[in-house]
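First comes the structure, then the notes that go with it.
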Amino acid sequence: MNSENSFSSSEHITVLLHEAVNGLALKENGIYIDGTFGRGGHSRFILSQLSSNGRLIAVDRDPRAIAEAHKIQDLRFQIEHNSFSHIPEICDKLNLVGKIDGILLDLGVSSPQLDEAERGFSFMKDGPLDMRMDTTQGLSAEEWLKQVSIEDLTWVLKTFGEERFAKRIATAIVDFNKSAVKNGTEFLSRTSQLAELISQAVPFKDKHKHPATRSFQAIRIFINSELDELESLLNSALDMLAPEGRLSIISFHSLEDRMVKHFMKNKVRARIFPKVYHCEKIKFSVIKN
């Protein structure tokens with residue numbers, strides 16, 4: 001065990017660090033999963049609370065997060081390059097189904113991902129239109145926007161961004177790329193281009209919110225199948241947990257928040273706890289021969 005490496009300082013400030021970890025009710029010898037390693041803030045703190053017999057499995061689909069995780073030199077720790085929806089397969093591989101004392105998820109995009117312009121998550125910084133959390137697979141936002149129809153894009157913007165001007169924005173994006181094909185000009189390929197196009201398409205501006213906020217969120221959620229990933233994990237999480245195991249989730253936007261609250265509410269109501277049997281005290285007496 002190397003506690004110095006386990007709880008090293010980081011420029012990234014972990015959101016709700018103590019609140020989320022406290023929700024796990026850590027046992028010093030427990031087995032835990034950090035399903036969204038990110039830059040390791042939660043994982044390092046969990047490790048600092050575990051004994052030499054504790055264990056932490058971290059999961060992330062971002063290659064940069066995996067690189068950060070490899071900096072942790074601790075025999076109690078291991079990293080899995082995968083999305084958290086694959087936690088059941090990871091548990092099965094490690095023979096840990098039904099043995100996990102706690103699972104932690106910090107949903108959505110991380111601040112380091114937003115800060116890195118080349119990742120394409122932020123409309124505040126110019127970068128390539130990528131938006132993939134795992135840059136090794138799947139379509140980038142640029143590639144998807146080249147082929148999407150107005151109808152499908154409108155649905156995505158409404159469903160995942162709750163954008164009231166979805167049709168206007170979708171039409172502007174698809175028409176721009178169609179024009180590029182016709183005129184031999186460049187497709188939408190930069191975050192700044194997309195943000196400006198959305199701003200022009202939106203008839204009314206919110207003083208407190210950038211016009212592209214909801215659209216960027218919607219496209220990112222779709223590209224990364226974020227809500228599908230969450231639903232898949234929620235459907236299997238309880239089977240992974242040991243008796244008295246904990247599930248601690250940080251959610252930010254209303255869509256994932258509703259999913260988590262609905263899950264928690266239903267499971268609390270529907271959970272069937274084993275019946276407790278009470279028996280009379282057995283009296284013993286000493287028999288002398």
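Backbone N, Cα and C define each Cβ position, glycine as well.
Quick caveat, the model's predicted, so the values are computed rather than measured.
Residues or ranges marked as S-adenosyl-L-methionine binding site in Swiss-Prot (evidence: sequence analysis): Gly40, Gly41, His42, Asp60, Phe84, Asp106, Gln113.
This view paints the features noted in Swiss-Prot onto the structure.
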residue	record	DSSP class
Gly40	S-adenosyl-L-methionine binding site	coil
Asp60	S-adenosyl-L-methionine binding site	strand
Phe84	S-adenosyl-L-methionine binding site	helix
Asp106	S-adenosyl-L-methionine binding site	strand
Gln113	S-adenosyl-L-methionine binding site	helix
Just name the most isolated of the binding-site residues Asp60, Asp106, going by other Cβ atoms within 10 Å of its Cβ.
Asp106
Least Cβ-packed of the binding-site residues Gly40, Gly41 (other Cβ atoms within 10 Å) is Gly41
Within a 10 Å radius around the Cβ, which one of these binding-site residues has the most neighbouring Cβ atoms: His42, Phe84, Gln113?
His42
